[in-house]
């Protein structure tokens, strides 16, 4: 017989109580998440990905009393896009460079962190920054997809790796930025790389062992190699030419949803590789399953149905945007629906049992199509928008009317809250297209950015913008909107307090009335909040949390402007009623020193340099050399004053460990000097008094 002191007995009781509450995450727990208001155990809180929480302690009446409970500093300044999970009092989330963290949800105290040690030069393969959108939880593990294509199982208690599998061909330019999903013990993960010449697929792995269970390709490969299944054989009939030489694209880089009663997994499929339909498929065919929503059986990966949003995709109009499942009455009949607002600007409501089109309407301005066929949902093309003969100004741009930023659905209001974007762009065929490594392969001429950086910023401010849109999916109409001057604003969260939470790219966390859109609360976060917020409850208190950090699609220049104050690194921010914590003061926005160009000689052809810059450099460093602080603004780089130092970086990869790879395999010394001449000319525009 064992004797215990009162202290020991109390400790044992505490351990037993914790153990009793810390049940493994399984299908039953995720399915019941809709009834258990306090947790957030899967990416969209529930399998239907509604991002709605019934929690209602924070209401329209008291939301103004929200204050910062605590914050957790990250160690990277790159884009932060993760949706945290809340499991048994612990927040699990990721940061840029595929790092994972576990922190106490009450206090913010770190429990563990895991760094998969991504090589810096892998950054060149990521179209839109080294971001990561979160982990999945199952059993006693959390699961992480990494930028270099690994899927890693971590011990939930310690953060130590349990198993790791390479999900992609490491010789090709695949990446993973999306969060895994787990269905019946199967970890499901896609990948990215549609601009880099890859062929898309999605794969399921055994959560216990990491063994591959099935794989579904989204586009056909080389017919000479045979087809994996009947669907690929049929899909190949919708392609033309030698598409497989360019990969085809169709990556599943973000959205998934699951209906446990129908036992169907829904995935969103991305753009073509290259974007240009004329180059990719001789301008012929629908190119299945690009820009499609596809329903699969999660046990086998077997195809069930598909709906293509943009046949013959030619604008980077992915269907990888957030998918939401809901049951609602339409025309007096209760329907099981799937909703999506993909890049192409149309809001779709589908029958998720059959994949049949129910309704659709444009939620932003659209000029590439006249509308949708009311029976099939197929877009009615505007032929000139396909830029086959001459350039076309197209709305929306490749950034889309809605990008990865998650939307939410409130059963209280029946509205979907969409982070929309007002964008347009010029598309023109690259007449000299050839597939190149270490750059984007879109088939689009990229040398159309204005020469003056002030024009870039002015165009961004006046011709582009954004709005939080409350959309009625039954009536297919806008109910209210909140306008923003710039795009890149965060995902949304709807709550039982009749609130909608959304962060903004200018560095605020906001709460709006779900029924009217009235702004009820705002908090200066010192950095952009792009990620989707979550809410949870502990000890009778409701918390709202989101990760902050600019980057991703907003890093291309001009989106934030270069005067927006922000913290050096990203943060996890947690709010509650009566919170009294405070962020440290910012150092201020001291003017950046310009490089000393008084004695700099740039002998290259600046006009040629602009073309090279637009083709190779602008995706990261910004159109017109207007960058955010996430990626260096090259107008301020000291290296542009020194030809040899510049060539060491650009050609030889002197900064490869930091993500700036060398381009010596595709650029000559005179090319680098031409780019430098262009950068010097742009830098001098900032200092007219500076003499050469």
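From the backbone N, Cα and C atoms, a Cβ is placed for every residue, glycine too.
Listed in TrEMBL for this protein:
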ACT_SITE  316  active site, proton acceptor
BINDING   81, 133, 177, 251, 343, 403, 404, 553  pyrroloquinoline quinone binding site
BINDING   195, 271, 316  Ca(2+) binding site
BINDING   617, 620, 621, 660  heme c binding site
DISULFID  127-128  disulfide bond
DOMAIN    604-683  domain 'Cytochrome c'
SIGNAL    1-22  signal peptide
### Task
Note the Cβ centroid of 617, 620, 621, 660, the recorded heme c site, then list each other residue of that chain whose Cβ lies within 8 Å of it, in sequence.
616, 618, 619, 631, 632, 634
### Query
What Cα-Cα separation, expressed in whole Å, is found between residue 195 (Ca(2+) binding site) and residue 621 (heme c binding site)?
17
### Query
Nearest to residue 403 (pyrroloquinoline quinone binding site) by Cα, among 127, 621, 660 (recorded positions)?
127
### Query
In this structure, which of the binding-site residues 81, 195 has the fewest other Cβ atoms within 10 Å of its Cβ?
195
### Query
What does DSSP call residue 133 (pyrroloquinoline quinone binding site) in the simple three-state scheme?
coil
### Task
Looking only at C-alpha atoms, tell me how far residue 404 (pyrroloquinoline quinone binding site) is from residue 128 (disulfide bond), rounded to the nearest Å.
11
### Query
Around residue 251 (pyrroloquinoline quinone binding site), how many other C-beta atoms are within 10 angstroms of its C-beta?
33
### Query
Taking all residues of the domain 'Cytochrome c' (604-683) together, what is their mean pLDDT?
80
### Message
So if I measure Cβ to Cβ from the residue listed as 'active site, proton acceptor' and keep only same-chain residues at least 6 apart in sequence, which ones fall under 8 Å?
### Response
194, 271, 275, 343, 398, 400, 442
### Message
Here's one to test understanding: among the recorded positions 81, 127, 553, whose C-alpha is closest in space to the C-alpha of residue 617 (heme c binding site)?
### Response
127
### Task
Please give the greatest C-alpha separation between any two of the heme c-binding residues 617, 620, 621, 660, in angstrom, as a whole number.
11
